[in-house]
Amino acid sequence: MSMAGDGREPLPHGPDPEVNHSSIGSTSPERDPLTSLMEIRGSLMVFATVMASVTYRAGLNPPGGFWTDNIDGHKAGTPVFQDVYCTRYKIFHYFNTSSFMMSLFILLFAIKASINNSDITKIMLHLTVLMDVITLIVSYIVGAYEDFQSSTYALVLMLMVFIYLVLEATTLIVRLCKAIRQMAYVLAKI
(Lines of atoms letter the chains of each structure in order from A; the text may use other names.)
(Lines give C-alpha, C1' and ligand atoms only; values in the text may rest on other atoms or scores of the structure.)
Protein backbone atom coordinates (compact mmCIF):
# COMPACT_ATOMS: atom_id res chain seq x y z
CA MET A 1 0.00 0.00 0.00
CA SER A 2 1.38 3.42 -0.86
CA MET A 3 1.62 6.21 1.64
CA ALA A 4 -0.44 9.34 1.12
CA GLY A 5 1.46 11.90 -0.92
CA ASP A 6 4.28 9.59 -2.18
CA GLY A 7 3.06 9.79 -5.82
CA ARG A 8 2.51 6.04 -6.34
CA GLU A 9 -0.80 4.37 -7.01
CA PRO A 10 -1.86 1.57 -4.67
CA LEU A 11 -1.63 -1.95 -6.09
CA PRO A 12 -5.01 -3.42 -7.10
CA HIS A 13 -6.32 -6.36 -5.14
CA GLY A 14 -7.10 -9.60 -6.95
CA PRO A 15 -5.73 -11.17 -10.10
CA ASP A 16 -3.82 -9.17 -12.71
CA PRO A 17 -6.35 -8.24 -15.41
CA GLU A 18 -3.70 -8.51 -18.14
CA VAL A 19 -2.92 -12.17 -17.41
CA ASN A 20 -5.22 -14.88 -18.75
CA HIS A 21 -5.47 -16.99 -15.59
CA SER A 22 -7.88 -19.48 -17.13
CA SER A 23 -5.13 -20.94 -19.34
CA ILE A 24 -2.59 -21.44 -16.55
CA GLY A 25 -2.34 -25.14 -15.72
CA SER A 26 -5.23 -26.10 -17.96
CA THR A 27 -5.47 -27.87 -21.26
CA SER A 28 -7.75 -25.37 -22.91
CA PRO A 29 -8.08 -25.53 -26.68
CA GLU A 30 -6.57 -22.06 -27.18
CA ARG A 31 -3.13 -23.26 -26.06
CA ASP A 32 -0.36 -23.90 -28.56
CA PRO A 33 -0.77 -27.51 -29.80
CA LEU A 34 2.81 -28.48 -28.98
CA THR A 35 2.80 -26.92 -25.52
CA SER A 36 1.61 -29.90 -23.51
CA LEU A 37 4.32 -32.27 -24.75
CA MET A 38 7.03 -29.63 -24.85
CA GLU A 39 6.37 -28.76 -21.20
CA ILE A 40 7.19 -32.31 -20.10
CA ARG A 41 10.09 -32.75 -22.52
CA GLY A 42 12.73 -32.05 -19.87
CA SER A 43 11.16 -34.43 -17.38
CA LEU A 44 10.92 -37.15 -20.01
CA MET A 45 14.58 -36.68 -20.90
CA VAL A 46 15.66 -36.97 -17.26
CA PHE A 47 13.43 -40.02 -16.71
CA ALA A 48 14.63 -41.76 -19.86
CA THR A 49 18.29 -40.96 -19.17
CA VAL A 50 18.10 -42.38 -15.64
CA MET A 51 16.23 -45.48 -16.80
CA ALA A 52 18.66 -46.06 -19.68
CA SER A 53 21.64 -45.61 -17.35
CA VAL A 54 20.28 -48.05 -14.76
CA THR A 55 19.39 -50.72 -17.30
CA TYR A 56 22.63 -50.26 -19.25
CA ARG A 57 24.64 -50.72 -16.07
CA ALA A 58 22.60 -53.78 -15.05
CA GLY A 59 23.04 -55.27 -18.52
CA LEU A 60 26.82 -54.88 -18.46
CA ASN A 61 27.15 -55.92 -14.83
CA PRO A 62 24.35 -58.44 -14.08
CA PRO A 63 23.55 -59.53 -10.52
CA GLY A 64 26.14 -61.95 -9.19
CA GLY A 65 28.95 -60.64 -11.34
CA PHE A 66 31.06 -62.74 -13.69
CA TRP A 67 33.13 -65.90 -13.39
CA THR A 68 36.80 -64.98 -13.12
CA ASP A 69 38.29 -68.36 -14.07
CA ASN A 70 37.59 -71.50 -16.09
CA ILE A 71 37.37 -73.86 -13.10
CA ASP A 72 34.51 -76.37 -12.55
CA GLY A 73 33.19 -76.07 -16.10
CA HIS A 74 32.58 -72.32 -15.85
CA LYS A 75 33.83 -69.99 -18.55
CA ALA A 76 35.60 -66.82 -17.39
CA GLY A 77 33.66 -63.68 -18.26
CA THR A 78 30.21 -65.30 -18.32
CA PRO A 79 27.60 -64.17 -15.78
CA VAL A 80 27.39 -66.24 -12.59
CA PHE A 81 23.64 -65.54 -12.52
CA GLN A 82 23.28 -67.22 -15.93
CA ASP A 83 24.94 -70.44 -14.75
CA VAL A 84 23.31 -70.63 -11.32
CA TYR A 85 19.76 -69.50 -12.22
CA CYS A 86 19.42 -69.92 -15.98
CA THR A 87 15.66 -69.23 -16.25
CA ARG A 88 15.78 -66.25 -13.88
CA TYR A 89 18.75 -64.86 -15.81
CA LYS A 90 16.86 -65.11 -19.11
CA ILE A 91 13.85 -63.30 -17.61
CA PHE A 92 16.14 -60.66 -16.13
CA HIS A 93 18.02 -60.24 -19.39
CA TYR A 94 14.89 -59.91 -21.58
CA PHE A 95 13.08 -57.49 -19.26
CA ASN A 96 16.20 -55.41 -18.61
CA THR A 97 16.92 -55.18 -22.35
CA SER A 98 13.28 -54.24 -23.04
CA SER A 99 13.44 -51.49 -20.43
CA PHE A 100 16.70 -50.21 -21.92
CA MET A 101 15.23 -50.08 -25.43
CA MET A 102 12.03 -48.34 -24.26
CA SER A 103 14.16 -45.79 -22.38
CA LEU A 104 16.08 -45.05 -25.56
CA PHE A 105 12.81 -44.68 -27.47
CA ILE A 106 11.48 -42.21 -24.88
CA LEU A 107 14.76 -40.30 -24.94
CA LEU A 108 14.74 -40.06 -28.74
CA PHE A 109 11.08 -39.07 -28.69
CA ALA A 110 11.79 -36.29 -26.17
CA ILE A 111 14.77 -35.03 -28.17
CA LYS A 112 12.84 -34.95 -31.43
CA ALA A 113 11.97 -31.34 -32.24
CA SER A 114 8.77 -31.83 -34.21
CA ILE A 115 6.56 -33.76 -31.82
CA ASN A 116 3.16 -34.84 -33.04
CA ASN A 117 0.72 -33.74 -30.34
CA SER A 118 -2.13 -36.09 -31.24
CA ASP A 119 -4.00 -38.04 -28.59
CA ILE A 120 -2.65 -41.30 -30.00
CA THR A 121 0.94 -40.06 -29.70
CA LYS A 122 0.41 -38.96 -26.09
CA ILE A 123 -1.22 -42.27 -25.17
CA MET A 124 1.52 -44.31 -26.86
CA LEU A 125 4.22 -42.28 -25.08
CA HIS A 126 2.43 -42.72 -21.75
CA LEU A 127 2.11 -46.48 -22.38
CA THR A 128 5.80 -46.69 -23.24
CA VAL A 129 6.74 -44.94 -20.00
CA LEU A 130 4.49 -47.30 -18.01
CA MET A 131 5.87 -50.37 -19.77
CA ASP A 132 9.40 -49.11 -19.16
CA VAL A 133 8.73 -48.91 -15.42
CA ILE A 134 6.99 -52.31 -15.38
CA THR A 135 9.86 -54.05 -17.18
CA LEU A 136 12.39 -52.43 -14.84
CA ILE A 137 10.38 -53.63 -11.81
CA VAL A 138 10.26 -57.19 -13.17
CA SER A 139 13.98 -57.26 -13.95
CA TYR A 140 14.73 -55.86 -10.48
CA ILE A 141 12.58 -58.47 -8.72
CA VAL A 142 14.08 -61.33 -10.73
CA GLY A 143 17.64 -60.08 -10.33
CA ALA A 144 17.58 -58.93 -6.72
CA TYR A 145 15.72 -61.63 -4.83
CA GLU A 146 16.90 -65.21 -4.66
CA ASP A 147 14.44 -66.37 -2.03
CA PHE A 148 10.77 -65.38 -2.13
CA GLN A 149 10.33 -65.59 1.66
CA SER A 150 13.19 -63.20 2.42
CA SER A 151 11.80 -60.57 0.07
CA THR A 152 8.08 -60.72 0.84
CA TYR A 153 7.76 -57.13 2.10
CA ALA A 154 9.57 -55.64 -0.89
CA LEU A 155 7.68 -57.87 -3.30
CA VAL A 156 4.31 -56.83 -1.83
CA LEU A 157 5.22 -53.14 -2.23
CA MET A 158 6.42 -53.71 -5.78
CA LEU A 159 3.31 -55.75 -6.53
CA MET A 160 1.14 -52.82 -5.44
CA VAL A 161 3.06 -50.48 -7.76
CA PHE A 162 2.88 -53.08 -10.52
CA ILE A 163 -0.91 -53.43 -10.14
CA TYR A 164 -1.32 -49.66 -10.29
CA LEU A 165 0.80 -49.47 -13.44
CA VAL A 166 -1.14 -52.29 -15.09
CA LEU A 167 -4.45 -50.57 -14.28
CA GLU A 168 -3.09 -47.29 -15.64
CA ALA A 169 -1.90 -49.06 -18.78
CA THR A 170 -5.31 -50.71 -19.21
CA THR A 171 -6.99 -47.31 -18.96
CA LEU A 172 -4.60 -45.93 -21.55
CA ILE A 173 -5.23 -48.86 -23.89
CA VAL A 174 -8.97 -48.23 -23.65
CA ARG A 175 -8.37 -44.53 -24.44
CA LEU A 176 -6.13 -45.52 -27.34
CA CYS A 177 -8.80 -47.83 -28.77
CA LYS A 178 -11.38 -45.04 -28.51
CA ALA A 179 -9.03 -42.56 -30.21
CA ILE A 180 -8.31 -45.03 -33.03
CA ARG A 181 -12.03 -45.78 -33.42
CA GLN A 182 -12.78 -42.06 -33.52
CA MET A 183 -10.04 -41.49 -36.11
CA ALA A 184 -11.37 -44.36 -38.23
CA TYR A 185 -14.88 -42.90 -38.02
CA VAL A 186 -13.63 -39.48 -39.15
CA LEU A 187 -11.62 -41.01 -41.99
CA ALA A 188 -14.60 -43.10 -43.09
CA LYS A 189 -16.67 -39.93 -43.48
CA ILE A 190 -14.11 -38.43 -45.85
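Including glycine, each Cβ sits where the backbone N, Cα and C put it.
Because the structure is a prediction, the values reported are computed rather than measured.
The feature compositional bias 'Basic and acidic residues' is assigned by TrEMBL to 1-19.
The feature region 'Disordered' is assigned by TrEMBL to 1-31.
Residues or ranges marked as domain 'PGG' in TrEMBL: 38-145. Across all of the domain 'PGG' (38-145), the predicted model scores a mean pLDDT of 83.
Residues annotated as transmembrane segment in TrEMBL: 91-111 (among others). Only residues 6 or more beyond the boundaries of the transmembrane segment (91-111), in the same chain, are considered here, and those with a CB under 8 A from a CB of the stretch are 41, 44-45, 47-49, 51-52, 55-56, 58-59, 62-63, 81, 125, 128-129, 131-132, 135-136, 138-139, 142-143.
The feature transmembrane segment is assigned by TrEMBL to 123-145 (among others). Outside the transmembrane segment (123-145), and at least 6 residues removed from its termini, the chain residues within Cβ reach (under 8 Å) are 37, 44, 47-48, 51, 54-55, 58, 62-63, 81, 88, 91-92, 95-96, 98-99, 102-103, 105-106, 109, 151, 154-155, 158, 161-162, 165-166, 168-169, 172-173, 175-176, 179.
Annotated transmembrane segment per TrEMBL: 151-174 (among others), in sequence order.
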